[in-house]
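Taken from TrEMBL, the feature compositional bias 'Low complexity' applies to 21-40. What TrEMBL lists as region 'Disordered' is 21-56. For 66-247, the entry in TrEMBL reads domain 'Tr-type G'. Summarising the annotation, TrEMBL assigns GTP binding site to 75-82, 140-144, 194-197.
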Amino acid sequence: MWTLAGQGCWRRSALAAWATRAARRGLPGPRPAPTRGTAAESKTPDRSYSSADRKEKIDMSRFPVENTRNFSIIAHVDHGKSTLADRLLELTGAIDKTKNNKQVLDKLQVERERGITVKAQTASLFYDYEGKQYLLNLIDTPGHVDFSYEVSRSLSACQGVLLVVDANEGIQAQTVANFFLAFEAQLSVIPVINKIDLKNADPERVEKQIEKVFDIPSDECIKISAKLGTNVESVLQAVIKRIPPPKVHRKNPLRALVFDSTFDQYRGVIANVALFDGVVSKGDKIVSAHTQKTYEVNEVGVLNPNEQPTHKLYAGQVGYLIAGMKDVTEAQIGDTLYLHKQPVEPLPGFKSAKPMVFAGMYPIDQSEYNNLKSAIEKLTLNDSSVTVHRDSSLALGAGWRLGFLGLLHMEVFNQRLEQEYNASVILTTPTVPYKAVLSSAKLIKEYREKEITIINPAQFPDKSKVTEYLEPIVLGTIITPDEYTGKIMMLCQARRAVQKNMMYIDQNRIMLKYLFPLNEIVVDFYDSLKSLSSGYASFDYEDAGYQTAELVKMDILLNGNIVEELVTVVHKDKAYSAGKAICERLKDSLPRQLFEIAIQAALGSKIIARETVKAYRKNVLAKCAELL
């Protein structure tokens with residue numbers, strides 16, 4: 001990958017490229033569909049269909065609505081969601097019980113390499129309890145703040161959640177954020193305290209935290225060890241007892257919500273659907289409420305966790321549907337599907353994700369433009385929170401301006417492009433979206449609105465054209481041991497943050513709430529916070545609108561010529577330090593030439609910082625050395 005950033009342009013070495021390809025060849029291939037023998041052979045209680053049943057299509061009518069439960073697992077990063085999902089899959093017989101079952105639902109290569117969940121994954125579990133067979137539809141969700149859109153989409157197909165909390169770490173920032181997502185969706189919440197097998201685990205302290213912060217009685221908490229499988233069975237029983245069945249009507253016309261989708265080059269779009277009304281089966285003609293196009297259903301089924309075709313899908317169930325959609329633009333996440341000639345009221349869908357970070361993306365070679373365009377379209381089908389706008393640059397040619405939910409989201413998207421589509425790209429420095437209120441009627445008429453949004457710093461309007469600039473702000477939540485509070489407060493003040501709240505969640509942990517300018521936290525705030533707190537503090541943020549700010553456009557000049565790709569927008573008070581830092585980094589990054597290179601940072605016509613890359617000089621002593 002090449003990355004063009006404020007500090008210069010780096011190229012990946014041939015050795016690194018060779019190592020990447022070698023590592024990619026050495027990675028294990030797709031996991032084969034697991035098979036099960038008898039209960040005695042697998043040493044797993046016989047709670048699922050036999051392998052003979054699995055070869056045949058499952059009859060989903062055997063699961064009435066009252067025996068169906070739809071739930072998600074939500075938690076902070078690394079609190080054990082995927083490990084718990086593995087144990088639930090083993091317990092219900094969906095996969096064989098082996099030592100190799102580690103993050104089975106994390107199917108992407110980037111998830112395996114980074115050890116984090118990026119995509120929400122669905123699995124249908126069959127479980128016998130008190131003489132009845134239940135269908136439990138599980139959705140494992142990401143834990144990082146950058147993928148909260150995945151969580152909110154997954155919750156739309158659920159009636160309850162398992163809120164997993166680490167018995168050692170306790171409540172963290174993303175735990176709070178995910179709880180309130182579930183609370184706002186009016187879902188049943190089952191608190192699960194995980195990792196009770198750890199040496200420093202303190203489940204009683206975590207129980208008190210949950211009771212104080214979330215107002216959930218401590219006796220409702222389930223203490224487990226997902227790694228060892230301790231008390232995991234009680235989690236499944238709690239799902240059946242505490243989470244209500246979906247409120248649906250199977251006799252009504254079909255209404256299905258598309259909550260996720262992937263693209264298969266042979267079968268087209270595979271849509272993950274939650275049925276709110278009716279029944280769908282192979283051969284049915286369905287219509288998309290978004291495009292009004294009609295399709296014939298080629299296959300329906302459930303994920304167990306691999307694709308398992310079924311005869312039909314009924315209201316209240318979650319599964320997949322293939323209907324010959326060959327164009328990636330045809331499967332919109334949040335779309336409603338209904339039967340041909342039986343139109344229904346479309347479901348509300350999803351609130352579109354609001355990008356927090358923008359970056360330019362360009363092909364290394366312009367001849368690769370169409371291939372990269374196709375790759376981005378297919379990947380945005382699977383990750384609908386990315387926004388795409390066409391863009392062009394004098395130096396880099398035609399490309400796109402992409403909007404992401406955060407810096408990690410941007411890195412993962414770029415990594416998936418490289419791994420899944422073999423596309424190498426140039427990425428520009430990440431920026432945040434600013435707004436400007438125009439001053440004259442002529443400009444308002446030209447832009448067709450009084451308040452314009454700027455996602456490319458090169459298009460930042462001059463101060464003479466606007467009455468005020470607005471910058472995005474976020475409400476940040478920091479949870480930390482109280483011994484680091486002073487250092488963290490100083491860090492927040494240095495980032496122009498305003499304190500809003502401070503609360504002790506137990507005797508030695510504190511929750512701080514601050515209003516931050518987004519551009520102050522988007523690049524390196526998280527790293528600084530972890531460094532100051534020895535890794536113990538956690539951070540989460542949510543959008544809080546815009547505020548007035550004194551912003552300036554800073555140009556970077558090389559030998560008097562403005563480099564459009566290095567233009568940046570900064571706060572007036574930080575312009576000098578930011579300009580000096582960029583000039584120093586460029587000086588270290590740019591190779592020396594036979595001529596002198598002047599690197600300058602400028603606000604309008606005023607130069608505020610300068611560094612010089614000295615020219616190569618003739619070595620007058622070279623011949624003397626030869627004579628000696």
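Each Cβ is built from the backbone N, Cα and C atoms, and glycine gets one as well.
It is His144, among the binding-site residues Lys81, His144, whose Cβ has the fewest other Cβ atoms within 10 Å in the structure shown. Shown are the binding-site residues Ala75, Ile196; the one with the most C-beta atoms within 10 angstroms of its own C-beta is Ala75. Cβ neighbour count for Thr141 (GTP binding site) (all protein chains, 10 Å cutoff from its Cβ): 27. For the domain 'Tr-type G' (66-247), the model's average pLDDT works out to 87. When Cβ atoms from all protein chains are considered, those within 10 Å of Asp78 (GTP binding site) total 17, not counting its own.
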